[in-house]
Amino acid sequence: MAIGEQQVIVIGAGVSGLTSAICLAEAGWPVRVWAAALPQQTTSAVAGAVWGPRPKEPVAKVRGWIEQSLHVFRDLAKDPATGVRMTPALSVGDRIETGAMPPGLELIPDVRPADPADVPGGFRAGFHATLPMIDMPQYLDCLTQRLAATGCEIETRPLRSLAEAAEAAPIVINCAGLGARELAGDATVWPRFGQHVVLTNPGLEQLFIERTGGSEWICYFAHPQRVVCGGISIPGRWDPTPEPEITERILQRCRRIQPRLAEAAVIETITGLRPDRPSVRVEAEPIGRALCIHNYGHGGDGVTLSWGCAREVVNLVGGG
């Protein structure tokens, strides 16, 4: 299709929708964003967040997408206003102890085994690396401003079906996240409830992640003004109401690993529903006379996959 001749509607204003809209608009496509929720009200806004590779289908494509995203985040980290910082990280956990290191870590030049003295009690091994950490409220504002600079505005417009957008534009990008379950009729999309506790930062500069196959783990993301602590994942739970018992467990675990967090005051408890799916879906599908490009099913890896998947969207639109 000829760039500039076809109107594009992007559905969704989370990190996937904004990034896709930016890539399309900066490539010359006229873009509109329709969203049920504005960026700061999306699940993306309550993410930790860090670029961190994890096993995910389709493996070969995901490997390329996370690598593309890493390159972009490294560039963004050169400007503090983006909310992206290259941050020292310590990761520990049973997946490391068994040697099953996450694919993609070879992309990090300074990844190295942690000295046993650096590994908290209860864990046998870990690794150090410098990873892109993203302060999501600040980052979403940055993306929104970058999108606005292209002349694109975000319209609050909930949809009942993709056909509504297909009637308004010949190209539709479905970045609806969990909403894709209804909009795309995809019963394989399910929520995974997550809860974070946000604390004041007592002077921490490192992020910590426990890698485990369990439903609860230890993590904290030390942003300049706050520390986001987690984590938990409850599959199939639709209720976003925070639970005080979960808050207490998160605080106890994180303060055991990092005693300085005992000095920090609780600012708020935040929750979100991660849009889980057996595999990430980035592919084209005709809807009536329109071309629909799906970009959803990222689960808890929306940030890590965002730029790679968005560039794939641009390629699919251009090849449509």
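Cβ from N, Cα, C; glycine included.
For Arg274 (FAD binding site), the same-chain residues lying six or more positions away in sequence with a CB closer than 8 A to its CB are Thr43, Leu178, Pro191, Arg192, Phe193, Gly194, Ser233, Gly299, Gly300. The FAD binding site annotation in Swiss-Prot covers Ala13, Gly14, Val15, Thr42, Thr43, Ser44, Gly48, Ala49, Arg274, Gly299, Gly300, Gly302, Thr304.
Within 10 Å of the C-beta of Gly300 (FAD binding site) there are 21 other C-beta atoms, taking all protein chains into account. Annotation comment: Swiss-Prot describes Tyr220, Arg274, Gly300 as D-serine binding site.
The secondary structure of Arg274 (FAD binding site), as reduced to three states from DSSP, is extended strand. Residues or ranges marked as D-proline binding site by Swiss-Prot on the basis of similarity to another entry: Tyr220, Arg274, Gly300.
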Counting only residues 6+ away in sequence within the same chain, which have a CB under 8 Å from the CB of Val15 (FAD binding site)?
Thr42, Ser44, Ala47, Met136, Tyr139, Leu140, Leu143, Gly302, Val303, Ser306
Other CB atoms within 10 A, centred on Thr304 (FAD binding site):
28
Mind telling me which of the binding-site residues Ala13, Thr43, Gly48, Tyr220 has the densest Cβ neighbourhood, counting other Cβ atoms within 10 Å?
Ala13
For Ala13 (FAD binding site), just give me the three-state DSSP call.
coil
Max Cα-Cα distance in Å among Tyr220, Arg274, Gly300, the residues listed as binding D-serine?
18
